[in-house]
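*Asks:* Input: one structure, supplied below.
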Amino acid sequence: MRFSIVLSSIAALSSVAAAERVCGAIPHRTFAKESKAAIEAATAAGLTTKANITVETYFHVITAGSKGEINNYGPAGIGFKLMDVSRTDNAKWASGGDETGMKKSLRKGGYSALNVYFAPNLEGGLLGFCYFPKANPSANDKLVDGCVILSGSVPGGEAAPYNEGKTTTHEVGHYMGLYHVFNEEQGNCQKDGDMVADTPVQGTKTSGCPQGKDSCPGQGVDSIHNYMDYSDEYVLLSPVYDSWHQTNHRHFSPCMNQFTPGQISRMQMMWQQFRAGK
């Protein structure tokens with residue numbers, strides 16, 4: 001099934017514009033300890049080399065009475081196989097309400113299956129959220145697992161400048177075990193907030209696409225192009241005049257466009273330790 005066709009139809013569901021990126025993913029209190037132990041176990045087992053992963057994926061499109069390809073993971077050796085797409089008309093779910101009831105009704109697959117729920121309105125101005133993996137998930141953890149994404153953030157949606165699908169990439173990063181690249185304690189340059197060695201220490205989240213941003217001098221410039229920052233997804237370049245058609249063309253340049261090798265290695269190990277075969 002073509003992700004691009006599905007995502008284009010999802011884009012038509014939302015007219016919500018986003019003023020700033022707001023991510024609702026919150027690591028559970030034991031995740032730092034569990035992920036550290038998982039990295040150590042994977043390293044001891046020799047699972048640090050890159051191996052191809054295919055994640056069974058289910059899309060659930062929620063509407064309220066009106067009427068994808070997740071391709072940024074290819075270089076990481078992680079692919080997403082779209083198994084099914086469901087479409088549901090439910091006003092409460094479309095506004096982010098009754099999450100448990102929605103997932104109890106719609107969720108498919110095991111803990112290794114990614115369920116993505118697209119809704120036209122989310123509470124608190126969120127663009128989306130995913131649940132971090134757990135070492136020993138309860139039945140409820142398995143039920144609520146997955147991602148809830150604002151429909152307007154998919155390619156062609158209305159949540160500019162966050163409407164190129166990078167919100168889904170960002171949130172799925174959390175599903176795969178990645179933190180934000182910036183320190184959640186804003187302004188703190190004393191510790192590495194994301195537990196990945198090749199992302200420079202970053203004291204603040206990014207807004208826009210400010211080249212050379214350096215919130216922690218001496219630690220390396222901020223990772224403004226990283227999928228796990230809060231940057232805009234693209235930058236509008238100066239118009240280029242087309243003399244043949246006598247009109248100006250607007251050109252865009254991607255801002256959010258990369259994972260580091262360290263992040264890729266972490267996702268691979270988190271998958272093997274927390275989700276594979278479950």
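Using the three backbone atoms N, Cα and C, a Cβ is placed for every residue, glycine included.
Under the heading active site, Swiss-Prot lists Glu171, citing sequence analysis as support. Summarising the annotation, Swiss-Prot assigns Zn(2+) binding site to His170, His174 and lists sequence analysis as the type of evidence. The disulfide bond annotation in Swiss-Prot covers Cys209-Cys255. Residues or ranges marked as N-linked glycosylation site in Swiss-Prot: Asn52. Taken from Swiss-Prot, the feature signal peptide applies to 1-19.
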*Asks:* For Asn52 (N-linked glycosylation site), what is the tally of other C-beta atoms lying within 10 angstroms of its C-beta?
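*Replies:* Asn52 (N-linked glycosylation site) is surrounded by 9 other Cβ atoms within 10 Å.
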*Asks:* Give the three-state DSSP assignment (helix, strand or coil) for Cys209 (disulfide bond).
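*Replies:* Looking at the DSSP assignment, Cys209 (disulfide bond) belongs to neither helix nor strand, so coil.
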*Asks:* When the number of other CB atoms within 10 A of each residue's CB is tallied over all shown chains, which of the binding-site residues His170, His174 has the maximum?
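*Replies:* Per the Cβ count within 10 Å, the most buried is His170.
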*Asks:* Three states by DSSP: which one describes Asn52 (N-linked glycosylation site)?
*Replies:* coil
*Asks:* Considering only the recorded positions Asn52, Cys209, Cys255, which residue has the minimal Cα-Cα separation from His170 (Zn(2+) binding site)?
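*Replies:* If we rank Asn52, Cys209, Cys255 by Cα distance to His170 (Zn(2+) binding site), first place goes to Cys255.
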*Asks:* In terms of DSSP three-state secondary structure, what is the assignment for Cys255 (disulfide bond)?
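*Replies:* Once the DSSP labels are grouped into three classes, Cys255 (disulfide bond) ends up as coil.
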*Asks:* Going by DSSP, give the three-state secondary structure for His174 (Zn(2+) binding site).
*Replies:* helix
*Asks:* Roughly how many Å separate the Cα of Cys209 (disulfide bond) from that of the residue listed as 'N-linked glycosylation site', to the nearest whole number?
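*Replies:* Cα of Cys209 (disulfide bond) to Cα of the residue listed as 'N-linked glycosylation site' measures 31 Å after rounding.
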*Asks:* If you draw a 10 Å sphere on the Cβ of Cys209 (disulfide bond), how many other Cβ atoms land inside?
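*Replies:* Cys209 (disulfide bond): 20 neighbouring Cβ atoms within 10 Å.
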